[in-house]
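Trainee: OK, Swiss-Prot features for this one:
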type     : residues : note
SIGNAL   : 1-25     : signal peptide
TOPO_DOM : 26-70    : topological domain 'Extracellular'
CARBOHYD : Asn38    : N-linked glycosylation site
CARBOHYD : Asn46    : N-linked glycosylation site
CARBOHYD : Asn53    : N-linked glycosylation site
TRANSMEM : 71-91    : transmembrane segment
TOPO_DOM : 92-103   : topological domain 'Cytoplasmic'
TRANSMEM : 104-124  : transmembrane segment
TOPO_DOM : 125-135  : topological domain 'Extracellular'
TRANSMEM : 136-156  : transmembrane segment
TOPO_DOM : 157-170  : topological domain 'Cytoplasmic'
TRANSMEM : 171-191  : transmembrane segment
TOPO_DOM : 192-197  : topological domain 'Extracellular'
TRANSMEM : 198-218  : transmembrane segment
TOPO_DOM : 219-260  : topological domain 'Cytoplasmic'
TRANSMEM : 261-281  : transmembrane segment
TOPO_DOM : 282-301  : topological domain 'Extracellular'
TRANSMEM : 302-322  : transmembrane segment
TRANSMEM : 325-345  : transmembrane segment
TRANSMEM : 348-368  : transmembrane segment
TOPO_DOM : 369-381  : topological domain 'Cytoplasmic'
TRANSMEM : 382-402  : transmembrane segment
TOPO_DOM : 403-415  : topological domain 'Extracellular'
TRANSMEM : 416-436  : transmembrane segment
TOPO_DOM : 437-461  : topological domain 'Cytoplasmic'
MOTIF    : 446-449  : motif 'Tyrosine-based lysosomal-sorting motif'
Amino acid sequence: MKISFIEPAILLYAFAMTLTIPLTAQYVYRRIWEETGNYTFTSSSNVSECEQNKSSSTFAFQEEVQKKASLFSLQVEISGLIPGLVSTFMLLSSSDNHGRKLPMVLSSLGSLGTNLWLCAMSYFDLPLQLLVASTFIGALFGNYTTFWGACFAYIVDQEKEYKHRIIRIAVLDFMLGVVTGLTGLSSGYFIRELGFAWSYFIIAVVVLVNLAYILFFLSDPIKESSSQIVTMSCSESLKDLFYRTYMLFKNGSCKRRSLLCLLIFTLVVYFFVVFGITPVFTLYELGPPLCWNEVYIGYGSALGSLSFLSSFLGIWLFSYCLKDIHIAYVGIFTTMVGMMLTAFTRTTLMMFLVRISFFFTIMPLSILRSMLSKVVHSTEQGVLFACIAFLETLGGVTSTSAYNGIYSATVAWYPGFVFLLSAGLLVLPAVSLCMVKCIGWEEGSYTLLIHDEPSEHTSDS
């Protein structure tokens, strides 16, 4: 008998992703350090091998390593851009007819293959450039936005009432905060006690368990239409997919289309900033003046992951006195303050304290997705989240590529510049939300917007 709880799959995937990101960043950093300096990277119990005297040759060497690590991360992200965009859009769009499990299964297979390859690379000390090839192949199966988009659409399929949906998403954010916080906290100890190869192997085992749960225990609320599969060729299915995407923006009133476009713009720009700055945090903490080791990096990652937990509490508390749009404002402005403070942080204590200002960072993402789900019909949820995941994939790769490029160009004269730039970019989603408010967004007004039933969009020609 199959069950309809998507939460275990989300939590297992979150554990794997939260552990993979800091591990890979530090693995690349150490490999480039050793290849550039021709000697082994070491770390003490307090700080990494780091020189803070700017006149020292070691300081110049560290800056060179940071530049190379940033540029290599740029190559890796770009390699997965095109296949990730295509696979994400096609898998999530087709999930309205073929079920939500297919995108979850394929993206999990991609994650499994990538982590097994990283395990082999670190164990056999294979050339670092092979990571670019594995990223490209893994992206053909989808990526994290494919998985999250399918999971969110799965929840929307089950929870028809908006209030129940918000509660379930908020509880999920709470659980994600606990899992990612503990994972981030332990990431440094994984590296120190087990090394990179065994850490990646453990991640692969977790992904395999998650894959088994999705395949054999998770039910699918979307029933596959066998008649449509028989009568529609591959080209007709692709044509139908793009036509339904076109109808998503064509259907409805001008107000509905305006709200849809503005909310998507707000979500994508905010995601661009928040996701793009994440890998830079690790490089910023590894270099001077902080010079953190893998354990401190884990502490910082754990504090950052607490934003899931604190965002859940924030949504729960603020929902009693604030509207959705105002809750999103709170998250945007506190994140903006955190970016500005990070740019001027020079001590470990201050860096930990600055993380507090990021505690509501996840709130706008959860609120904006819920607001978007209000303005489309239930039969358009898959197409909507396919568009969102497509844009998030594009924005995620573009942002990490841009931030890595900017950081490598500015680290020598001012490492904190990217954080000031991020604070400035966050003005855009704030202004966009103002426009949403001016158009006339009201809590509950979505019931009028989705009464425009989507017209038939099967491709007959």
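Every residue, even glycine, has its Cβ placed from backbone N, Cα and C.
Structural setting of the listed features?
Mentor: Here the topological domain 'Extracellular' (26-70) has a mean pLDDT of 72 out of 100.
Here the topological domain 'Extracellular' (125-135) is broken down by DSSP into helix, strand and coil counts: 6 helix, 0 strand, 5 coil.
Listed by sequence, the residues of this chain that lie at least six past the ends of the transmembrane segment (136-156) yet keep a Cβ under 8 A from its Cβ atoms are 6, 9-10, 13, 17, 79-84, 87-88, 91-92, 95, 100-101, 103-104, 106-111, 113-114, 165, 168-169, 172, 221, 369, 373, 378, 381-382, 385-386, 388-390, 392-393, 396.
Sequence-distant neighbours of the topological domain 'Extracellular' (192-197) (same chain, 6+ residues past either end, Cβ-Cβ under 8 Å): 23, 27, 118-119, 122-123, 294-295.
Through the fold, the transmembrane segment (198-218) approaches residues 2-6, 8-9, 12-13, 15-16, 19-20, 23, 101, 104-105, 108-109, 111-112, 115-116, 118-119, 122, 190-191 of its own chain, all at least 6 residues removed from its boundaries and within a Cβ separation under 8 Å.
Outside the transmembrane segment (261-281) by six or more residues, the chain places 21, 25, 70, 73, 249, 300, 304, 328, 332, 335, 339, 361, 364-365, 368-369, 371-372, 375, 387-388, 391-392, 395-396, 398-400, 402-404, 407, 418-419, 422, 425-426, 428-429, 432-433, 435-436, 439 with a CB less than 8 A from a CB of the stretch.
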Trainee: Most CB pairs under 8 Å with the transmembrane segment (382-402): which of 71-91, 104-124, 302-322, 325-345?
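Mentor: Stretch with the highest Cβ contact count: 71-91.
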Trainee: Honestly, do the transmembrane segment (171-191) and the transmembrane segment (302-322) touch, with at least three Cβ pairs under 8 Å and pairs 6 or more apart in sequence?
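Mentor: Answer yes: the transmembrane segment (171-191) meets the transmembrane segment (302-322) with 3 or more Cβ pairs below 8 Å.
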Trainee: Using Cβ atoms and a strict cutoff of less than 8 Å, what residues sit near the transmembrane segment (104-124) while being 6 or more residues removed from its termini?
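Mentor: For the transmembrane segment (104-124), the far contacts come to 9, 13, 16-17, 20, 24, 27, 87, 91, 130-131, 134-135, 137-144, 146-147, 150-151, 195-198, 200-201, 203-204, 207-208, 210-211, 214-215.
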Trainee: Take the transmembrane segment (302-322) and find every residue of the same chain, 6 or more past its ends, with a Cβ under 8 Å from one of its Cβ atoms.
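Mentor: Distant contacts of the transmembrane segment (302-322): 18, 166, 170-171, 173-174, 176-178, 180-185, 278, 281, 330-331, 352, 355-356, 358-363, 366-367.
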